[in-house]
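As annotated by Swiss-Prot, active site, proton acceptor applies to Lys44, Tyr273. Positions annotated as substrate binding site by Swiss-Prot, on the basis of sequence analysis: Arg142, Met321. Annotated N6-(pyridoxal phosphate)lysine per Swiss-Prot: Lys44, in sequence order.
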Amino acid sequence: MTTTPISLTPGVLAEAVVDLGAIAHNVRLLRERAGSAQVMAVVKADGYGHGATAVARTALAAGAVELGVASVDEALTLRADGITAPVLAWLHAPGMDFGPALAADVQIAISSIRQLDEALDAARRTGTTATVTVKIDTGLNRNGVAPALYPEMVTRLRQAVAEDAIRLRGLMTHMVHADAPEKPINDIQSQRFKQMLDHARDQGVRFEVAHLSNSSATMARPDLTLDLVRPGIAVYGLSPVPRLGDMGLVPAMTVKCAVALVKSVSAGEGVSYGHTWIAPHDTNVALLPIGYADGVFRSLGGRLEVLINGKRRPGVGRVCMDQFLVDLGPGPLDVAEGDEAILFGPGTRGEPTAQDWADLVGTIHYEVVTSPRGRITRVYREAETVER
């Protein structure tokens, strides 16, 4: 897949351009890797910073059949925006009123007896059957029913189904190693999951679907695939296993801004707070009107590069709340105010990538793409990618 250049919208200070063609490509690829399993596209955290509703529509059109989010509020936002496909929400505060979720036909994932009781309370109050998935803990030791409590959960589920209080939709778990599909714990988790699934069946409790595969398992461990796969980061074109390359995925987000000012700096003069960078010779700098309040990590000061007019330009000095500077070098200027500066993108034009940023600051690309905010305007491009 190749990408076509994306121009900065006139009059916009900075923008995160989301290529919906890339999203569609990635979902189609995930469908291929999933084999006979269906795809639940995860659009939590506002679609990993890409916009949940736009991503959801694109993913569904490309072949995903369900959507996954963390909170009920995220699911209700999708419903308010006209999304009618099945949506599963799996992270809930104590005392959650599931009534609005049931009224909106949002599926609830429960991780404890208490959450089951809260879902049953909402079902009885509203006269609506709750569609429930049970999330079990197979080793992550985070959200999910603990193995020791699972037999009691199965008993309670059997009673609730007999009362027609719930529709028992699914059994799910989450992988420990999101970026290491070869780790033995993945197989241990799969074995535990299947044992717990068998226990429920032995007790007369049957789930419509079972699913544990995340992005990395979908792409690299087809033997773990069950009825559904739940890819998240791969939907957005970021490799779930960076050491294995792009895996055929296309990053969907490009962050860019306009050059706000170009000025000369004499040798020996410093720039930005604290003068952490002193010009070694007469040079020129460009001011970019975007800073750590917008998602450009302060720790990138003096470390990041941006692409302007086809050349990588090094950042100099500290990243400020609203702005930072890049060195254009001495001599004749080849950058003017208003020129486009690309902070990160797919990398196809030589610009840095989200993975480059992650490597610089010691984090993961998930954090990079979920960080753009503040004065960055999200813009969508419907067909910026072309199949090869």
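Just so you know, glycine gets a Cβ as well, placed from its N, Cα and C.
Feature map: Swiss-Prot annotations on the structure.
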| residue | record | Cβ within 10 Å |
| --- | --- | --- |
| Lys44 | active site, proton acceptor | 19 |
| Arg142 | substrate binding site | 11 |
| Tyr273 | active site, proton acceptor | 11 |
| Met321 | substrate binding site | 12 |
Study note, to complete from the structure: Comparing the Cα of Lys44 (active site, proton acceptor) with the Cα atoms of the recorded positions Arg142, Tyr273, Met321, the shortest distance belongs to Arg142
**Study point:** Pairwise Cα distance for Met321 (substrate binding site)/Tyr273 (active site, proton acceptor) [Å, integer]
**Key:** 11
Exercise for review: In three-state terms from DSSP, label Lys44 (active site, proton acceptor) for me.
Suggested key: helix
Revision key, fill the gap. Reduced DSSP state (H/G/I helix, E/B strand, rest coil) at Met321 (substrate binding site) is coil
Practice item. For Arg142 (substrate binding site) and Tyr273 (active site, proton acceptor), determine the Cα separation and express it in whole Å. Key: 41
